[in-house]
Amino acid sequence: MKLVSTWLLVLVVLLCGKRHLGDRLGTRALEKAPCPSCSHLTLKVEFSSTVVEYEYIVAFNGYFTAKARNSFISSALKSSEVENWRIIPRNNPSSDYPSDFEVIQIKEKQKAGLLTLEDHPNIKRVTPQRKVFRSLKFAESNPIVPCNETRWSQKWQSSRPLKRASLSLGSGFWHATGRHSSRRLLRAIPRQVAQTLQADVLWQMGYTGANVRVAVFDTGLSEKHPHFKNVKERTNWTNERTLDDGLGHGTFVAGVIASMRECQGFAPDAELHIFRVFTNNQVSYTSWFLDAFNYAILKKMDVLNLSIGGPDFMDHPFVDKVWELTANNVIMVSAIGNDGPLYGTLNNPADQMDVIGVGGIDFEDNIARFSSRGMTTWELPGGYGRVKPDIVTYGAGVRGSGVKGGCRALSGTSVASPVVAGAVTLLVSTVQKRELVNPASVKQALIASARRLPGVNMFEQGHGKLDLLRAYQILSSYKPQASLSPSYIDLTECPYMWPYCSQPIYYGGMPTIVNVTILNGMGVTGRIVDKPEWRPYLPQNGDNIEVAFSYSSVLWPWSGYLAISISVTKKAASWEGIAQGHIMITVASPAETELHSGAEHTSTVKLPIKVKIIPTPPRSKRVLWDQYHNLRYPPGYFPRDNLRMKNDPLDWNGDHVHTNFRDMYQHLRSMGYFVEVLGAPFTCFDATQYGTLLLVDSEEEYFPEEIAKLRRDVDNGLSLVIFSDWYNTSVMRKVKFYDENTRQWWMPDTGGANIPALNELLSVWNMGFSDGLYEGEFVLANHDMYYASGCSIAKFPEDGVVITQTFKDQGLEVLKQETAVVENVPILGLYQIPSEGGGRIVLYGDSNCLDDSHRQKDCFWLLDALLQYTSYGVTPPSLSHSGNRQRPPSGAGLAPPERMEGNHLHRYSKVLEAHLGDPKPRPLPACPHLSWAKPQPLNETAPSNLWKHQKLLSIDLDKVVLPNFRSNRPQVRPLSPGESGAWDIPGGIMPGRYNQEVGQTIPVFAFLGAMVALAFFVVQISKAKSRPKRRRPRAKRPQLAQQAHPARTPSV
C-alpha cells in the first residue's frame, strides 16, 4: 500500500506540473504573470523626414557605371560654372553594380547647377536628398499584459520635420474592440497569428515558404537569433558598421514572417534577406532606400515588406523606384498607416495601385482605431480617390520575436504588413508554376478571397479580411487574367459602398465618379482594347443613365485605372427607381515567351453597375462644395488650421467631404441636403441649379473670370457661405521651422486659408477678413463653441448682421508669448443682396468646428442655421436678436492682409504661374467635357445580387478541397451570394480561436488520459505484489494464547 500511495503522489505531482506547463505553453511570451500594480509600457514609433541641404539625388534614364555617371554630371556642370560640388560616396553592397542615380553635393549656385543637370540628355530628374527619422518612445498604458512585456505601437509621420503626435494604440485598441469590459482580459492575450489564420493547414501539406526570397527593410537582425534558420543574407545600407538589430523592430517583423519557434511565423523555411536601412538612432536617407531597392531587384527578391511610409506620394525618386520594383516582379507589401480613424490618411507607398496596402483589425474582427482610412487623394480635385486599403488583417496585440529571443506583442499597421507579407510568402511556395506568380496575380488572389467584414465600408476594410486558405484555393487553379477593384458598382449598397450609397443620383447633378483599379495578371504591361462598352439593361431601366470613361492608355506596372462618370439622362429628370447595366472591357498583354513573339493574351471583364435615381431635388436643398480651391500637402507646405496642434504641422487630408469633412457631410445628408463636389473653376457650374456654394478652408487663388461670374451668380440668387481660417504673415514667418540637422528654413506657402484671395473675391460686396488671429471658448445661441485659430471680419456692409465675441489674441501669444483679451471680435456676418432675386452671403472666421482633423466642438447646428438662412432667407432669431450683435465694421483705418513676399504658392497653384515680379494668373482652363459612351442596350434581366466574391475566371473554389488533418478542424466553404462573410462553424466559434485555444487542449487531455491509464496499471501491479500467498492450514492455538494477544483494530 505504501507503493500505491507513492505512485498516487507522483501522479498528482505530474498532473499539477502538466497544468503549469500548459499554462506556460499557452503564454510563452509572458515571462511573468500579470501584475495589476505594474504599469504597461507601450512603445510608440514616430516617423519624419526632412530635406538635406546642399544634397541632391540625380536620377538617370538608365543604369550606368560609376565612371559613366561621373562623366555625365561633370559635363553637365561644366557649362554652369559650378565648381564647388562633389559626388557623395555610397559604400554599400550595390556600389559594385551599375546604378540609375547618384547623390551629389552642391554648395554654390544651386539653381543654375540644377537647371543645367536637368538639361542633360541622360539625366531624368534632380530632387533633394531626404533624411528620414524614426523615434521610439515608451509610454505607460493600461497594465493588462505582464510587466516585463513591451507592446510596440507605431505612428507614422508626415514628410516634414515637425513630428505628428502618435496615437495611443493601446487605448485605440480598446475603443475598437467592443463595449464589454469583462472580455478585455481575453482580448489582451496576444495571439499566435499564424495559427489563427490557419497557416498550419498549409504546413501539414508540406508548404513552409521554401525557395521564396523575402526582403525585410527595417533595423536589421542579429546573426545568431534562435528563431531563424534560413537567413540567407544580411546587408547594411546605413553609415553604421553593424548588421545587428539594436532596437527590435526589424527582428519582430522578420519573426512574424519566418520565425521557426515560439511565436512562429508564416514561412519558417523562407530565404530571409535582411536589409538594414535604419541606424540605431533611427536615421535613414532616401538614397539608402534607393540603393537597397536596386539591390533587391538585382537579387531577384520575390516578396518585400516595407513597414514605413508617409503622406508624400509626390516624392518622385521613391515612387518611381517602387514602380520599378514591382515591374521587376517583386511583390511589395506595405502598411497603410496609423492615422485613423480619420479618413483620407493613407500612406505611401501602400496607396499605390501596384502595392498591397494593408490595414489593421483586432482579433475580434473590428477595424483597429489606429488604422488609416481611404480614399486616396492623388486624384483630387478633378477626380475621385481609389479604394484602399486592399485588405485588412490582424494588427493589434500580435506576437512576434524579441530582439534577443522570446516573444513580445506589438500593435500597428506595421504589424499587419508583415502578417500579409508572411502569408504571401507561404502562398507563393504553394504555387507549382512559379511563372504565374506576380504582384498582380497575388493581389488578385488576396482580394478575391478576402472575407468581408459586416457593417464596415470599403474605405476602412478594402476588400475585407485576409483569408489564407481561400487565397490558396484561388492560386492553386489560377490562370492569368485581368480583374477589377472594386469588382462591381452598387450605389445602393450600404454601408459597404459608402459614400456612394449615401446619396442617390439625379438629373443635373455633378457626375458621380467611381475610380476602379485594373489589375493585369497577364503581364507587367498591357492596354485596353478598343474602348470600354456600356451595356444598359432595358428591363432594369439602364437607359436612364449614361456613362463616360477615362482610363490608362498603358497598364504599367501590372495595373491601371478606369474612371467611370455616371449621370442621369434628361428623360429621367422626374423619375425614381433603380437603373442597372454593365461595362465590358478587354485587356490585352503581350505574350512573354519567345514562342509567341508578337502574340497577345486577352481577358474580358464585366463590371456591373446599379444606381438609385430620384427626381431632381429643389434648388434650396442642393449644396455645392468647392474642392477646386482647396490645396494640401503634398506638394506644398500648407500649415495646419489649428495652431494649437503643434504636433500635426500639415494640412494633408484633402479637405474633401469624404475625408476630413466626413462628419459634416453625414450631418448635411441627415438634414435632407444633397451635397455635390465641384472639382473645376467657378466658370464650370450652372448656378441656377444650386442654393448654396460652400467655401471652406480655401487656400487657392481665384481667376478673374471666376470672381466676375460669382458676382453675377450671387446677384441672380446663388448664396455663398465661407468658413475661413487664420492668415497672418508675421505668424507664418514664426511658424516656419529651422531644421538643426539640415540648416534649412521651411516657410508656409499660405496661412490656414488664403485671406488675400478671399478678400479679392468678396471685395465687390464691400466685405473682407482681417489678419487677426483669435482663440477661445464661447456660447452662441445656447451652444458651447470653440474658436480655434480663426480670423475676424474686417469690413461688412452696414445693413448686414454681425455677431461678435470676446477672445484671446492668439497672434500676440505666438509672436511675443504674451496674453491679451480682445472684446467685440466680429466673427460671423450675414448679408442679403439688396437686388431683387439676389442671394445671401455668410462669413465665419474658423473652419475647425467642421473639420474632423482636430475638432473639439462641432458647429453643425450653426451650419444648419446658416443654410436655412441662405436657402430660404429666414434669419435665425437666435442670431438676429443675439446680445452679441454689433454694428458691422467699416474697415476704415485697417490695412488689408497682404500676400507674403517671396512665397512659393505659384509652384503648387492651379491658378498662378511664375512671372517676373509677382506671379500672374494662368489662362483660364477649359471646363471638363465628358464624352458619353454609346449604349449597347440589352433586353435581359440584370443579376439580382451584384455582391459576389470576385470570381476569377476558370476558378471554382468548390472543386479545391483542403485535406482534413484534424477531424475537429472547421472546414472552409465558399460563400453564397448575399452572405455576410462569416465562417460556417457550429456554435459561432471563430476559426482562429478554435484552432488556437481548443486545439491546444487536445495534447492536455491526451496526457491526462495516459496518466490515468498508467496509474491504473501501477495500482493493479501493486495489488498483485501485495496479495498474500496461500499457506497450508495450521492447528489453532489455544484460546488462552488468543486472549493474551488481542487483535489490533485499524485507527481511522
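Every residue number used here counts from 1 along the chain in the order it is shown.
Glycine is treated like the rest: Cβ placed from N, Cα and C.
Keep in mind that what you see is a predicted model, and the values were worked out from it rather than measured.
If you check Swiss-Prot, you get these features:
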| type | residues | note |
| --- | --- | --- |
| SIGNAL | 1-17 | signal peptide |
| CARBOHYD | ASN148 | N-linked glycosylation site |
| MOD_RES | SER168 | phosphoserine |
| TOPO_DOM | 187-999 | topological domain 'Lumenal' |
| ACT_SITE | ASP218 | active site, charge relay system |
| CARBOHYD | ASN236 | N-linked glycosylation site |
| ACT_SITE | HIS249 | active site, charge relay system |
| CARBOHYD | ASN305 | N-linked glycosylation site |
| ACT_SITE | SER414 | active site, charge relay system |
| CARBOHYD | ASN515 | N-linked glycosylation site |
| CARBOHYD | ASN728 | N-linked glycosylation site |
| REGION | 877-900 | region 'Disordered' |
| CARBOHYD | ASN939 | N-linked glycosylation site |
| TOPO_DOM | 1023-1052 | topological domain 'Cytoplasmic' |
| REGION | 1026-1052 | region 'Disordered' |
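Between ASN236 (N-linked glycosylation site) and ASP218 (active site, charge relay system), the C-alpha separation comes to 10 Å. When averaged over the topological domain 'Cytoplasmic' (1023-1052), pLDDT in the model lands at 46. In three-state terms derived from DSSP, ASN728 (N-linked glycosylation site) belongs to neither a helical nor a strand segment and is classed as coil.
The Cβ of ASN305 (N-linked glycosylation site) lies under 8 Å from the Cβ of VAL214, ALA215, VAL216, PHE217, VAL253, ILE257, VAL333, SER334, SER417, PRO418, ALA421, each on the same chain and at least six residues away in sequence. In the three-state DSSP classification, SER414 (active site, charge relay system) falls within a helix. DSSP assigns ASN236 (N-linked glycosylation site) to a strand. Around SER414 (active site, charge relay system), taking its Cβ as the centre, 32 other Cβ atoms fall within 10 Å, counting all chains.
Between the CA atoms of ASN728 (N-linked glycosylation site) and ASP218 (active site, charge relay system) there is a gap of 42 Å, rounded to the nearest whole number.
Within its own chain, ASN939 (N-linked glycosylation site) has LEU538, PRO539 as residues 6 or more apart in sequence whose C-beta sits under 8 angstroms from its own. The number of other CB atoms found within 10 A of the CB of ASN515 (N-linked glycosylation site), across every protein chain shown, is 20. Note on the glycosylation sites ASN236, ASN728: the fewest other CB atoms within 10 A surround the CB of ASN236. For SER414 (active site, charge relay system) paired with HIS249 (active site, charge relay system), the C-alpha to C-alpha distance reads 10 Å. For the pair formed by HIS249 (active site, charge relay system) and ASP218 (active site, charge relay system), distance between Cα atoms is given as 7 Å, rounded to the nearest Å.
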